[in-house]
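What Swiss-Prot annotates here:
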| type | residues | note |
| --- | --- | --- |
| REGION | 24-194 | region 'Disordered' |
| COMPBIAS | 44-56 | compositional bias 'Basic and acidic residues' |
| COMPBIAS | 57-110 | compositional bias 'Acidic residues' |
| COMPBIAS | 141-180 | compositional bias 'Basic and acidic residues' |
| DOMAIN | 211-320 | domain 'RRM 1' |
| DOMAIN | 328-432 | domain 'RRM 2' |
| REGION | 429-559 | region 'Disordered' |
| COMPBIAS | 516-532 | compositional bias 'Basic and acidic residues' |
| COMPBIAS | 550-559 | compositional bias 'Basic and acidic residues' |
Amino acid sequence: MAKGSKGLRASSKAVDPTLDALFASSAGPVQAPAKSKYSTLLDQKVREPAKPKVHLEEDDEVLSEISEELSFEEDGPSDEDEDEDEDEENSEQEDGSGDEQEEEESEDVDETMKDAPVELDDIIDATEDKSNKERKRKRKNDNDDLEGKYLDKVAAEEEADRAGKRQKNDALTKTEKPAVDEEDAGNESDIPVHETLVKDSKASDLDKAARTVFLANVSTEAISSKSAKKTLMAHLSSVLEKDATPPQTIESLRFRSVAFAGGSLPKRAAYITKSLMDSTTKSANAYVVYSTTAAARTAATKLNGTQVLDRHLRVDSVAHPSPTDHRRCVFVGNLGFVDDETVLNTNAEGDTTEKKKNKTPSDIEEGLWRTFSTQGKVENVRVVRDSKTRVGKGFAYVQFYDANDVEAALLLDGKKFPPMLPRKLRVTRAKDPRKTALAQERARGKHISTNGPKSTKYKHKATPEEQSMAGRTSKLLGRSAAVQQRHKKRPSAHGESREAEGQPAGIKGPEQFVFEGRRASARDGLPKDLKQKKGKGKKSGRPQNHGTKRASEWKKKKN
């Protein structure tokens, strides 16, 4: 053993003393780092603080592009990561085998020095790749399902809007039917409906007209005062039956023919501001719509001539108005144009003076009601006014229920009844409108041509012979005669027709009369038994014909 040990150990003389001093102070051969030292570095991950999530409100196209890029990045590194994991496992296995070899083979110093740096570089590369992978995965987590989050946010906002609309429409949905979508409504309108089920607008208008009542001489206080309007409504509903089925009520009340003060102001604005012109007239017209036709008929019969707000009401049905009978009417003229006839005079200096014709303003319509009611029961009073300004035209018509009351009303002619009727009345019988129309046509006929359609001059009536010849003249007398008879033109000697001369075609002049019989002569006055001596008349010459002319010419040539 001692000999063997001596043989293996180098002699002290063979070792260089300088090298011995160098290696004596060194730490020894380079050893591979332990596995546990780098495994701790791999396990420790650098955790960056999480970035705040930002809700990007971008278009759907931008979001889809981002999602495609993210998916592309996820697909790319995944294969590389798998390869890196395999490399790490292989490197770990190699490290384990390397440690065992280092313990067993400590003598191979050069090989370990070559292998150690290679293994260290692989481990460093693996840690860098893993850190990059973790960063990519963090980016992926931050932008994960970005488009879905955006759509969820939009859906939440729409749901909030719908909830707000539902809260607003809760009150309406309780009383009304649920709203129908536009598409459903359009589909329903396209569905054909039988003509018997379709509501006719004309029929509805006729039904409403049957339930409407016309009111005249309504006080304008009902327009300007709410209490006066309530009084009028109570009076109009006083004749309705409370226990009727269906119930009888007043649906609407509309005022018409109102004299407004503002000339340039629209009628609706003037009605809202209650700017009325009482100086023109204190009355207006109105229309009342009842719920049933029976209620309208009852109101028209019972309320006519009644008093409300110190005025007599004229009530008439719109669908079936009362007839106008001239035998029961009187014409009243010389009435005032406006109720308040105050005259304003302005001097040259600009001073304005008022001159009132009457201390108390007149009231024409109500005055006629009260004045003629003393002579009989008045059915209606119609004062003719201008449709726009409501200024009267100075006359009116008063109709009674009984025609005998007209005689008593005629006694009021030439009388005045202040303060409502301050002027003297001109009362006459009302004329038949048909006779008046005929008289107007006659007056117009004077200015119309003789053969005009409304001419009042004599027109020839065709005789039976002419009637029998009608239609056969062209066959019997020729086409020209038929044309003359059709146009009733008889040419005169001068070539002008009788119509052009101003005489009707059916009347003949004195020169056109022809009496049948022989022509009159001087012998008509002599007695028949008287014989007169016949004197020799002049001898008639030879006939002058073609033969005599030739003979005379031949004789002249011969001589």
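Along the chain as shown, residues are numbered 1 onward.
Every residue gets a Cβ built from N, Cα and C, even glycine.
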Helix-strand-coil residue split for the domain 'RRM 2' (328-432), DSSP-based: 18 helix, 38 strand, 49 coil
Tally of DSSP helical, extended and coil residues in the domain 'RRM 1' (211-320): 32 helix, 33 strand, 45 coil
Composition by DSSP (helix, strand, coil) of residues within the compositional bias 'Basic and acidic residues' (550-559): 9 helix, 0 strand, 1 coil
Composition by DSSP (helix, strand, coil) of residues within the compositional bias 'Basic and acidic residues' (516-532): 4 helix, 0 strand, 13 coil
